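Some notes on the structure that comes next.
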Amino acid sequence: MKDRYILAVESSCDETSVAILKNDKELLANIIASQVESHKRFGGVVPEVASRHHVEVVTTCFEDALQEAGIVASDLDAVAVTYGPGLVGALLVGMAAAKAFAWANKLPLIPVNHMAGHLMAARDVKELQYPLLALLVSGGHTELVYVSGPGDYKIVGETRDDAVGEAYDKVGRVMGLTYPAGREIDQLAHKGQDTYHFPRAMIKEDHLEFSFSGLKSAFINLHHNAEQKGEALVLEDLCASFQAAVLDILLAKTQKALLKYPVKTLVVAGGVAANQGLRERLATDISPDIDVVIPPLRLCGDNAGMIALAAAIEFEKENFASLKLNAKPSLAFEGL
C-alpha cells in the first residue's frame, strides 16, 4: 500500500508554518517561522507586518519542510491550507502559496478551519473517540465544541466578548510584561497567592457562554487605582488572582458542558492549553472517568502540523476545494 503524504500550510496570524504528514498521523516535518520578536515592540500583532513576514519566508518554509521530511513534491497526495478564521492579509499569503503549489503539482486542495486544526492537534496524542467535547482556548477564541464524529463540529458555548488569550495579553500589557504575556503570567501566578478578588462572570449560570471583559476591566481598574494612590501591588499575587479567576470560569463552564453532553473524551487545545495552571486544574477538577486529551506543547500554538492532522480527516471525506477558494477571516463552526 502506498504511503500517503499531505503538505499543510498555516498563516492565519503571526506564524508561517508548513508541515508534512505521513499516513494521516505521523508528522515528518513541522516548520514554524515565528514573528513574535517583530511584534513585541508593538505589544500585539500588526496585520500588515504579519503579512509582509509571511511573504518573505513562506517559500523557504515549503523547501525546508520537504527537505526535513525527506520527500519531493511528486510524493505528495494533497495540499491543505488554513482558510479561516484569522487575519485576512495573513490568510491570503498562505492560501496563495498553497494554491500555487497545488496547481503546479496537480494536487487536490483541502480547506481547513484553523480552530479544527487546534482541536485535531490532539490526534498527535492518540486516536480520538467520538463523540467528544473540546474546550478551545486561544488568543482569538474561547469556545466549547461538540464533536459528534470526525470533522463534525458544533459550537455549544463561546465567549461573548474577549477571548481568554486576549485577556491575558491585555492585562499583561497593563503590568508591563512582554507580549505575548500568557506564559509569564502563568509562571508568576505559581509564585503568588489569590489575594485580590476578581469577578467570575456568569459562573453560576447554566448556559455555556463565557465572558472575560468584566474580569479584564476589574483588573485594569485595580491596577489604575493603586497607581493613582501610590499603593504597591504584588505582581505575583496579581497574576495568581487573575489566573485563578480565569481558570474558575473555564473549569465551571467545561464541567457544565460535560453534564449536558455526557461524553467520555475532553480535548483541551489552543495556545492557552500550554498554560501549566490550566493543565493542573484539569487534572484535579475533571472527573477521572473523562479522558482529558491535551496536545503536546509544540502543537498548542499556531502550526501547520495541526492543520495536516485535521486535513487527514477531510481527505477521507474527499472534502476538496477549487483553486477559487477564498479566505474567510470570520469563519466559524456551526452552532447548535
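Glycine residues also receive a Cβ, built from the backbone N, Cα and C atoms like all the rest.
Keep in mind that this is a model prediction, so the values were computed, not measured.
Annotation source Swiss-Prot lists Fe cation binding site at His114, His118, Asp302, citing sequence analysis. Following the DSSP three-state reduction, the secondary structure of Asp302 (Fe cation binding site) is coil.
Here Swiss-Prot flags Leu136, Val137, Ser138, Gly139, Gly140, Asp169, Gly182, Asp186, Asn275 as substrate binding site. In this structure, Ser138 (substrate binding site) belongs to neither helix nor strand by DSSP; it is coil. For Ser138 (substrate binding site), the number of other Cβ atoms no farther than 10 Å from its own Cβ, over all displayed protein chains, is 24.
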Three-class DSSP secondary structure - His118 (Fe cation binding site):
helix
Provide, as an integer number of angstrom, the distance between the C-alpha atoms of Gly182 (substrate binding site) and Asp302 (Fe cation binding site).
15
Taking Leu136 (substrate binding site) as the reference, which of His114, His118, Asp302 (the binding-site residues) have a CA within 10 A of its CA?
His118
Find the shortest Cα-Cα separation between Asp302 (Fe cation binding site) and the binding-site residues Ser138, Gly140, Asn275, and name the residue that gives it.
Ser138
Where's the emptiest Cβ shell within 10 Å among the binding-site residues Gly140, Gly182?
Gly140
